[in-house]
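Feature list (source: TrEMBL):
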type: BINDING; residues: Cys437, Cys440, Cys477, Cys480; note: Zn(2+) 1 binding site
type: BINDING; residues: Cys446, Cys449, Cys464, Cys467; note: Zn(2+) 2 binding site
type: DOMAIN; residues: 210-376; note: domain 'Helicase ATP-binding'
Amino acid sequence: MTDSYFHEGDLVGVLTAQPLDRLLDYKAPEGGCHLGAFVEVPLGPRKVLGVVWGAGKGDYDRSKIRSVIRVLDVAPMRDEMRVFLTRAADYTLTPLHAMLRLATRAPGLGDAQSMRKVYRLADGVPDRMTDAREKVLAVLRDYGGLSFTLGELAEMAGVGTSVVKGLVKHGAVREEEAPRDTPYPRLDPDCGGKELSADQAAGAEALRDALRSDKYGTTLLKGVTGSGKTEVYLEAVAECLRMGRQALVLLPEIALSGEFINRVEARFGMKPAEWHSGVTMTERRRCWRMVGQGDAQMVVGARSALFLPFQNLGLVVVDEEHDTSYKQEDGVLYNARDMTVLRAAINGAQVVLASATPSLESWANVEAGKYQRLELKSRFGASVLPKMSAIDMRAEDLPGGKWVSPTLRGAIAQRLEKGEQSLVFLNRRGYAPVTICRACGHQIACDQCDARMVEHRFLKRLMCHQCGETKPMPTVCPHCEAEDRLSAVGPGVERMGEEVAELFPDARIAVLSSDLYGSARAMKAHIEEIAQGGTDIIIGTQLVAKGHNFPKLTLVGVIDADLGLQGSDLRAAERTFQLMRQVAGRAGRAEAPGEAMLQTYQPEHAVIRSILAGDEEAFWAAEAAERKAAGVPPYGRMAGIVLSSPNVQEVFDLGAEMARRDEPLRRIGAQVFGPAPAPIARVRGRHRVRLLVKAEKTAPLQQALAQWAGQFRLPNNLRLTIDIDPQSFY
């Protein structure tokens, strides 16, 4: 072998996505294989996919070592990708095979390429030139010999498919067979750029300069809602494309992707590749392959897009970088924002973290000099920041079972008279969080979890928001069998929709919640309809706070601003501040001024006062001082440990033993808290116990945790999960 090539018969170490704790030795196949090659190998009676990770060890009988079956027809995994997966696995204490599974989530990687018909410019001339035919030929000429599917070409030209077929008959367009996984149309970095404000232009130039340095760096792009952060970082994307490198933009919510894709198309003339749960399996395979070949210049995706096999990654943008959606809470536990920084450092790429309300982690990294900071302090164009006010619910005359205060009701009525939109915000899905029997007091709970079932009246079912179990809404109490005594307690967005419809029967009302749509496409279509003015009053959860632009929306009313302040989560204040500022920022994004009204029973609370005052720097400084004094993130390290089993005694016994045998952690000065029942002590039939490990910022926490956990032999069916830098503590 050479450093990167293995000849036929050489031993290679193959990493598979199977749950094995080591590389497997195989002989290189006929024709040899490269380091990083994707291969098919025998494993017992099965054939599995893997990656050539290095030379084989050859530490047992060579005659029993089998050969690689074949090398797959995909680009080999690059060295920097293997380094990234290895370091990500080490950081998150995740088995390397699980990381590889994240990086190979594309169907049919081992399948032969299928074919489809594509159309390109030919030499013939039609007997008669029409406007429609000229449009088709103009598109093909403009894109310099690229081929398109029939649907793509017709859509781009704005004509029917019959026009394209007619040109084929005349020899002006050629129809040919091509692999189904075709390169994406080229994006033009010099097409369609908007005129920027002075602040935007300065920010864009700073990002371009960072890219031209051709080395790693991270920039926090902070800008008030509506300041035009997207236009600024799209200029960085344009510079990245000019340099011949690839760009990735991560979004926290796929519902945002439709509007964003349209903005990208307007800026670059073509749509980028997409990677999220809303795209088809065929399109996922195409995206994965083309990214690896360098034939996808830009990808817009969810957090898992970070694990695509980029050939030459130059820029990653994490939009709404503070959003908790970037933390994966099941399977492999990772924070896409933090893993983005790791991947960019390995690739020599630039990172842009964009947010109106940055995370305290990013704020602290700026203060420490690790990140650069760019700030857009005013809204773009004629729009101004919304006026903020609190509605003291202690002084409102509100009947039982109602939640829209008279003050908020009057403000909504004023907007209706002006033909403007209002948003009623409540961060609680469903119709009601509790269903209680008024005869015996029984609350309907999930059979598998220690959680109450939430009524979803639109679906006519009760749903557990922990495990997803659903059941029909009963007509009698399951405990005492009393009839007609079940009552909904508390509001969800569906119930708010009912109340608002009673108050404003002539208004067009839309309820925006992720569980009310059968598909991502249906959700996108509804959001576009709202943006075009097809709704008077929007009732929404945090889904509406994530970057949507509703030009006619001038009023935001928050039903329960105190909701996020409950509990003992160390990030409760930060998240409430971020959410309230984000949702308030939906108002007044066009020329009409906006207003945000927060219904609260605690108007004197420090967080509520900070939200109303708008003094973000003072809030972050105070929050940072509290966290620093307590030695908690981002000024200390934490790891959450969850033990789960169907046997409740088993998890408590192991938890107690782990707390006693904490020598590896004490050696680095770390503390262990617990064991204690998790806040939701049973999920999917498994009892859950938590421990929390706290350490100094510079402590080698992962190494100590690995030594500590390695002391214990887990009983069958008991799971131990380690969450580095936990974002939730449920």
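Cβ coordinates are placed from backbone N, Cα and C, and glycine is handled just like the others.
Keep in mind that TrEMBL annotations are predicted by a computer and have not been checked by a curator.
Structure coloured by features recorded in TrEMBL.
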residue : record                : contacts (Cβ under 8 Å, 6+ apart)
Cys437  : Zn(2+) 1 binding site : Gln443, Cys477, His479, Cys480, Ala482, Arg485, Leu486, Ser487
Cys440  : Zn(2+) 1 binding site : Cys477, His479, Cys480, Ala482
Cys446  : Zn(2+) 2 binding site : Arg452, Met453, Cys464, Gln466, Cys467, Glu469
Cys449  : Zn(2+) 2 binding site : Cys464, Gln466, Cys467, Glu469, Ile680, Arg682, Val683, Arg684
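Listed in chain order, the extra residues whose Cβ falls within 8 Å of the Cβ center of the Zn(2+) 2 site residues Cys446, Cys449, Cys464, Cys467 are Ala445, Asp447, Gln448, Ala451, Met453, His465, Gln466, Gly468, Glu469, Val683, Arg684. Within 8 Å of the Cβ centroid of the Zn(2+) 1 site, not counting the listed residues Cys437, Cys440, Cys477, Cys480, the chain contributes Arg438, Ala439, Gly441, His442, Pro478, His479, Glu481, Ala482, Arg485.
In the three-state DSSP classification, Cys437 (Zn(2+) 1 binding site) falls within a strand. Its own atom aside, the Cβ of Cys464 (Zn(2+) 2 binding site) has 20 Cβ atoms within 10 angstroms in the protein chains shown. Around the Cβ of Cys480 (Zn(2+) 1 binding site), the number of neighbouring Cβ atoms within 10 Å comes to 12.
Summary: among the binding-site residues (Cys467, Cys477), the fewest other C-beta atoms within 10 A of the C-beta are counted at Cys467. Cys449 (Zn(2+) 2 binding site) falls outside any helix or strand according to DSSP and counts as coil.
Confidence in the domain 'Helicase ATP-binding' (210-376), given as mean pLDDT, stands at 94.
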